[in-house]
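Enquirer: Got a structure for you, written out below as structure tokens; questions coming shortly.
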Amino acid sequence: MNRRDFIKNTAIASAASVAGLSVPSSMLGAQEEDWKWDKAVCRFCGTGCGIMIARKDGKIVATKGDPAAPVNRGLNCIKGYFNAKIMYGEDRLVMPLLRMNEKGEFDKKGKFQQVSWQRAFDEMEKQFKKAYNELGVTGIGIFGSGQYTIQEGYAALKLAKAGFRTNNIDPNARHCMASAVVGFMQTFGVDEPSGCYDDIELTDTIITWGANMAEMHPILWSRVSDRKLSNLDKVKVVNLSTFSNRTSNIADIEIIFKPNTDLAIWNYIAREIVYNHPEAMDMKFIKDHCVFATGYADIGYGMRNNPNHPKFKESEKDTVEKENVITLDDEEATSLSYLGVKAGDKFEMKHQGVADKNWEISFEEFKKGLAPYTLEYTAKVAKGDDNESLEDFKKKLQELANLYIEKNRKVVSFWTMGFNQHTRGSWVNEQAYMVHFLLGKQAKPGSGAFSLTGQPSACGTAREVGTFSHRLPADMVVANPKHREISEKIWKVPAKTINPKPGSPYLNIMRDLEDGKIKFAWVQVNNPWQNTANANHWIAAAREMDNFIVVSDCYPGISAKVADLILPSAMIYEKWGAYGNAERRTQHWKQQVLPVGAAMSDTWQILEFAKRFKLKEVWKEQKVDNKLTLPSVLEEAKAMGYSEDDTLFDVLFANKEAKSFNPNDAIAKGFDNTDVKGDERKIQGSDGKEFAGYGFFVQKYLWEEYRKFGLGHGHDLADFDTYHKVRGLRWPVVNGKETQWRFNTKFDYYAKKAAPNSDFAFYGDFNKMLTNGDLIAPKDEKEHSIKNKAKIFFRPFMKAPERPSKEYPFWLATGRVLEHWHSGTMTMRVPELYRAVPEALCYMSEKDGEKLGLNQGDLVWVESRRGKVKARVDMRGRNKPPVGLVYVPWFDENVYINKVTLDATCPLSKQTDFKKCAVKIYKA
């Protein structure tokens, strides 16, 4: 057998084992011939691996890596090989479920009973309109997802913002990528990375910051490993983390730092460059393409600013008080010394409402801000492992700085949740660009700061589509009148339809439910009651008698269990869709099989719900708050040819343009399309009649309308058919050509267009009008343009609002593991993955275990000021925390760790810090 056949047969055997099949080696070829294969995308992380799917007799029977996919080149991680099995768990949701009493009436305290789609939508409509009519456009909320397909997210966004006129839609990507978004927008004026995965094969140095790539992005890590092992002497790998993990296995340097001190380490590197190695600075790059900037430090921590809120327990209040004022210790006072403060001072958070404000400063001011971050200070502040000597830690910091500084060395900095889930997450994202810009090592092949996405379409859907509470597609925002006008024209809705006031971010939707400001919430493609910090509050809020919770899901996770109505959703290969990955690569797939039971796609659910609303119910005058009332746009609608009795479905989704998309399009030949044509299941739809399809190619319509937003200004996407012929394209796609490196005029059409005689153009236009100031504040109100330039930010080191104490002596960090995805709703139902990791463990150091009298495998309580959970101790596992820190993954609903975590956020991004709170550990 030659190498080619060996690889081929190994792939088939691996795929077959996923589906529970045993295939004799002599039958591999015949078995494959009996399956129908097609290209698709992996359901899991933001890497965006291409896979091949085999279907037979109406089921997905196997998956394997796609050798033609440039991202993964035929490889899959362990989760990727189980894309088939996630679809067929024993408790897959197959019918709508409504809480009812014995009379068949909705009852908040009742038990779940199966109902028809019509009955489900009847109750959903009733409860929505009750909240909407009582509280207005702010009284309802939608928990969206970075796992929406692009079309699903676009439909949800359009229904919410053009239909219901609410901006209370926000994705779980708020939990994973919001700080990265702010970092991009504040620095570049536009979202998403300048580089691409090709940087891995071109770089000399890979530095990971709060990114356990070996487990969280394993296929990318295989490329990093290959690069390292093929060039052992030249290529260097550094892993910076708060605990030792698998990413350190091939690292030349492992740096274990105290939580939050990554801020100090970045400033140390910048200080080394500016003070001790000024020759390393790319002064031409800086002068031509950058300005220096800063913002306020006294911005709070995204907690409630009322420690006496009636829902707080007494034990929570001392942490929440820090939202308004903190007492500075020596280390924090030193970092903030430019503000004239000293240790022991009360530091009031006076600029909570303008956390994102920034202004231009001089290089001299920037240099002044960096002054405290000497090697001595930074090492003392940041050293995270008590077993390591201060001198050894200093040497590592120096080696790290030298790798960045080395003149001809290419450097890629990768990060994920360690940066983003951070009370200063936006700042630390900006700091990464700070160092790369100082050295001129950004937007170049093999060099750049690169934010890795966690979810499969956090980029493609949450960010690019704009399913955030403040956004519209293609980096537009609801607060900008021009952006609203553009959106209204594309959507063919009257002027002033879109609400100009940003809605509640993800965590605030929970808080609004608790406060009675929102009384209806719809969850799609995520599990907010498991994935949101301080969960005891939100469980209680869900069960408030006035609140009605709808959860669209494929399995009964925690969110479904606290809901009032559960809608069964089609899974990934049971529908048409598209995802966008971390390197701006957009990939499409076709529906491979029919959904299980009576499950239907989230797109279908959105469109069917839209049928329940007439224009006169939603486009009337609507009060938002005491300062804003949305005008009635019904007269303008009539002038556009609409009737006040038209439904949102008619206007937004089944309009004349939509109906022009041929349901028998050649691209769909040989494939099911339940949304377009119905299917052999003969599902009884939301009107009680057999659903026979919409009669037009709805997914193609949604795609082609959506791409209009980005054409011509740096967000260009290819047409629908093109993506079904290729293994994805990295946008902007101009004249059929994808873009590898943005902002570089050699590679980026828009950079060349913006600055034809320059090497670079940072052409994003967000927040490119600045005032001048110093480190403390802006000095005048006169704005000037920094067109085509990026910002080099100074941001100070600040500590987390809750830190270990005598009563709660441990740091707690949460995160994922290789074998499971997010809340485990899918992967915990795959027998092989469940057997591999059946429960979430409490990883801790052996020294801490000995001190507490614990043995390997003992059950302990992990308790914070907010709640406690029971977990099994692991002192010898893959994750090795230093003394004083424990790590508990969040995939296991039986180890409900978000009952323990703190709901503090980055005030700029509103992203929760899941990595830092204080706990005590004791034997159960």
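Cβ coordinates come from backbone N, Cα and C, glycine included.
Checked Swiss-Prot, it gives:
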- C42, C45, C49, C77: [4Fe-4S] cluster binding site (BINDING)
- K79, Q147, N172, C176, 209-216, M417, Q421, N527, 552-553, K575, D602, 814-823, N898, K915: Mo-bis(molybdopterin guanine dinucleotide) binding site (BINDING)
- W890: substrate binding site (BINDING)
- 35-91: domain '4Fe-4S Mo/W bis-MGD-type' (DOMAIN)
- 1-30: signal peptide (SIGNAL)
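Describe each of these features in terms of where it is and what it packs against.
Expert: Counted within 10 Å of its Cβ, the other Cβ atoms near C45 ([4Fe-4S] cluster binding site) come to 27, all protein chains included. Under the DSSP three-state reduction, C45 ([4Fe-4S] cluster binding site) is assigned to coil, being neither helix nor strand.
Proximity of G815 (Mo-bis(molybdopterin guanine dinucleotide) binding site) to non-local residues of its own chain (separation of 6 or more, Cβ distance below 8 Å) is seen for N212, M216, M417, Y887, P889, W890, F914, K915, given in sequence order.
W890 (substrate binding site): 23 other CB atoms within 10 A of its CB, across all protein chains.
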Enquirer: Tell me, in order along the sequence, which binding-site residues from C42, C45, C49, C77 have their CA within 10 Å of E819 (Mo-bis(molybdopterin guanine dinucleotide) binding site).
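Expert: Near E819 (Mo-bis(molybdopterin guanine dinucleotide) binding site) by Cα: C77.
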Enquirer: If you average pLDDT over the domain '4Fe-4S Mo/W bis-MGD-type' (35-91), what do you get?
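Expert: So the average pLDDT across the domain '4Fe-4S Mo/W bis-MGD-type' (35-91) works out to 97.
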Enquirer: Measuring Cα to Cα, how many angstrom lie between S823 (Mo-bis(molybdopterin guanine dinucleotide) binding site) and C45 ([4Fe-4S] cluster binding site)?
Expert: 13
Enquirer: Counting distance between Cα atoms, which of the binding-site residues C42, C45, C77 is nearest W209 (Mo-bis(molybdopterin guanine dinucleotide) binding site)?
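Expert: For W209 (Mo-bis(molybdopterin guanine dinucleotide) binding site), the spatially nearest of the binding-site residues is C45.
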Enquirer: Please give me the CB contact count at 10 A for W209 (Mo-bis(molybdopterin guanine dinucleotide) binding site), counting all chains in the structure.
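Expert: Within a 10 Å radius of the Cβ of W209 (Mo-bis(molybdopterin guanine dinucleotide) binding site) lie 24 other Cβ atoms.
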Enquirer: Tell me the residue counts in helix, strand and coil for the domain '4Fe-4S Mo/W bis-MGD-type' (35-91), as DSSP assigns them.
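Expert: Helix, strand and coil residues of the domain '4Fe-4S Mo/W bis-MGD-type' (35-91) number 6 helix, 20 strand, 31 coil.
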Enquirer: Can you tell me how far the Cα of M213 (Mo-bis(molybdopterin guanine dinucleotide) binding site) sits from the Cα of C45 ([4Fe-4S] cluster binding site), in Å?
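Expert: Approximately 11 Å lies between the Cα of M213 (Mo-bis(molybdopterin guanine dinucleotide) binding site) and that of C45 ([4Fe-4S] cluster binding site).
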Enquirer: Quick one: what's DSSP say for E819 (Mo-bis(molybdopterin guanine dinucleotide) binding site), helix, strand or coil?
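Expert: DSSP assigns E819 (Mo-bis(molybdopterin guanine dinucleotide) binding site) to coil.
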Enquirer: Rounded to the nearest Å, what's the C-alpha distance separating C45 ([4Fe-4S] cluster binding site) and D553 (Mo-bis(molybdopterin guanine dinucleotide) binding site)? Just drop the number here, would you?
Expert: 18
